[in-house]
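Per Swiss-Prot, the features are as follows:
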ACT_SITE  GLU419  active site
BINDING   GLY195, PRO196, PRO197, GLY198, THR199, GLY200, LYS201, THR202  ATP binding site
BINDING   HIS418, HIS422, ASP495  Zn(2+) binding site
TOPO_DOM  24-99  topological domain 'Periplasmic'
TOPO_DOM  121-607  topological domain 'Cytoplasmic'
TRANSMEM  3-23  transmembrane segment
TRANSMEM  100-120  transmembrane segment
Amino acid sequence: MRSLWIVLVLVLGSALLLQVMAASDDRIPYARFRSLAERGELAEIEIRDDMYIGRAVSGLSARAPQSYRTGRIEQTEKDLLADLDRRGIPYTRVADELGLPPYLWLLLPLAGLAAMGHLASRRATTAGTISGAATAFGKHKARLYEERGAIATFRDVAGNAEAKTELSEIVDFLKAPERYEKLGGRMPRGVLLVGPPGTGKTLLARAIAGEASVPFFSASGSEFVEMFVGVGAARVRDLFSQAREKGACLVFIDELDAVGKVRGLGGSVGGHDEREQTLNQLLTEMDGFDAHTAMVVIGATNRAEILDPALLRPGRFDRRVHIDRPDLAERKEILAVHARKVALDPGADLDAVAAQTAGLVGADLANIVNEAALLAARRGAEAVGHGDLEAAIERGLAGLERRGRRLGAREKLVVAYHEVGHALTASLLPTQDPVRKVSIVPRGPGALGYTIQQPREDRYLWSRQEILDRLVVLLGGRVAEEEAVGDLSTGAQDDLLNATELARRMVRELGMGQGLGLSALEPRRPLSFLGEAQGAMPSGAGPRECSDATARAIDAEVARILADAEARARALIQGHRPTLERVAARLYEVETLSGDELREMVASGEA
């Protein structure tokens, strides 16, 4: 190969040298060029950008050059052209396409051949490493934690008492697998943690490994699937191969639904083949556990309904543990765990914070404590006070306070009436949660005011009357605007959307409508053509499971429920109009009212 390149360079170099020598033979001084023209030895002349080229008259001499070149002199060109005209020698002007010497054109093919040779040699030198690069691409991306200090324990997991009890068997198995082998028992090879986002599924999995003092492999389902078919399966094989080398260990796959969705519906589109191959390999690896394999696979998802049934059969993820939202006692424990990391003022009441955060998950509570610490640091405090915690709660519920957004006097008054309409109807209906705060300070991207209600206790069931009263509260703001100002605004848009959705669910899903019987008319969430369950849709937005006549009856019943709620809200507002005016005026003045102030003003109006 090298000798071939040497010969090629010599040949091209010789051709280049001959071209240069040939070009230099016909170049003559300008005076001689003029003399040849005067003697009539030039048949025609080309005028180039930087030279004259004269073609010799044929037949003068066999040894004479066929053409002559000389440098162009623009100062004497006028005389030269006049002389050529007198002698009848034709001339033409020719523009150079590229200002390159002729010999450089020989270098262009040489450069091209050199580039091709370089690429060929580079490909030859790297051919031996391609297989190594492909192997590296198929390596898993899971993080390995082996030091006990890097892994959590059950003490770091507040709440979830039932889940920890359920998973303690896994810890015992990882610590002493021989005890189960002696009895002929087999622990579940896979455990599926199911729960809403932020409930602590990942932390709980790490705590299992920490309690058992075993290596912990942590990966996300999306890390297995790539655009190249076969890469995900290779990564699964590599992960389980390394896990087996560790002996007793725990493999955690977060967001399992990214790789474990239902297979086979609708054919293959895009990366569907790659995901299915990855899932098939995962199923194969879990089938390969023998009785002496002290390895447990834990998966976590918040979308268990879209997982492939093969993942959930016995021998794979056959134990399912639900991680639910924390109740009041668990929220207290979670807040106490996170509060240990900040300087907390003795006056901060974590019990009150737990009571105000019903429905929030552990990640939300951790964020509240962190936001409170940031707010305390911003005001230069030495400890996090209760006010900082409440401000952090409101920031999470309603958004960032925007005192820089100034409302006009009329808009501010309309917002005040609107929020007092919500607060007043909620205070007058005994089934509704008490109001904790009313404000007309803008928050978030679009909220011009807000009313916060604090649940008396954790709730899991709601009666029909409670839902109907909730509709009254939702429509109370709009009714108060209309009664007090005499007009309607766009501020009730979200209230109308929420009220319509709630009324439609009463009729379609809960059997709480009149004249429609007990049929549940809301279809289950359908699977898309890829096998993925469609996301949450408003009630009635999916395919209908009823006739056109029933659909019209549903719409009529929803309209009736909303009309009744509006009439009840109007009766409450009209019956307590002085209280509405007094509370709205006070809110307009101070911009924020606490729940105690509101209840005191409502009670004084009742007296």
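All positions are counted from 1 along the displayed chain.
Keep in mind that glycine also has a Cβ here, set from the backbone N, Cα and C atoms.
Overlay of Swiss-Prot feature records on the structure.
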residue	record	DSSP (3 states)
PRO196	ATP binding site	coil
LYS201	ATP binding site	helix
GLU419	active site	helix
ASP495	Zn(2+) binding site	helix
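For the topological domain 'Periplasmic' (24-99), DSSP puts the residue distribution at 25 helix, 21 strand, 30 coil.
Long-range Cβ neighbours of GLY195 (ATP binding site) (same chain, at least 6 residues apart, Cβ-Cβ under 8 Å): LYS201, ASN302, HIS322, ILE323, ASP324.
Sparsest Cβ environment among the binding-site residues PRO196, PRO197, GLY198, GLY200 (other Cβ atoms counted within 10 Å): PRO197. The recorded positions recorded for this entry are HIS418, GLU419, ASP495, and the Cα of ASP495 lies nearest to that of THR199 (ATP binding site). GLU419 (active site): 26 other CB atoms within 10 A of its CB, across all protein chains. Taken together, the residues in the topological domain 'Periplasmic' (24-99) have a mean pLDDT of 77 on the 0 to 100 scale.
Surrounding the centroid of the Cβ atoms of HIS418, HIS422, ASP495, where the record places Zn(2+), the chain contributes additional residues within 8 Å, namely GLU419, GLY421, THR451, LEU474, LEU475, GLY476, GLY477, ARG478, ALA480, GLU481, GLY491, ALA492. The Cβ of HIS422 (Zn(2+) binding site) has 25 other Cβ atoms within 10 Å, all protein chains considered. Cα of GLY200 (ATP binding site) to Cα of ASP495 (Zn(2+) binding site): a span of 32 Å. Note: the Cα of PRO196 (ATP binding site) and the Cα of ASP495 (Zn(2+) binding site) are spaced 26 Å from each other. Counting only the Cα atoms, the space from the residue listed as 'active site' to PRO197 (ATP binding site) is about 31 angstrom. Sequence-distant contacts of THR202 (ATP binding site), defined by Cβ-Cβ distance under 8 angstroms and a gap of at least six in the same chain, are SER218, PHE252, ASP254, ALA300. Taking only the Cα positions, the spacing between HIS422 (Zn(2+) binding site) and PRO197 (ATP binding site) is 30 angstrom. Neighbouring residues of the recorded ATP site, listed in sequence order and excluding GLY195, PRO196, PRO197, GLY198, THR199, GLY200, LYS201, THR202, comprise LEU193, ALA300, ASN302, ILE323, VAL361, GLY362, ALA363 (Cβ within 8 Å of the Cβ centroid). In this structure, the C-alpha atom of GLY198 (ATP binding site) lies 34 angstrom from that of HIS418 (Zn(2+) binding site). LYS201 (ATP binding site): 27 other CB atoms within 10 A of its CB, across all protein chains.
Its own atom aside, the Cβ of HIS418 (Zn(2+) binding site) has 27 Cβ atoms within 10 angstroms in the protein chains shown.
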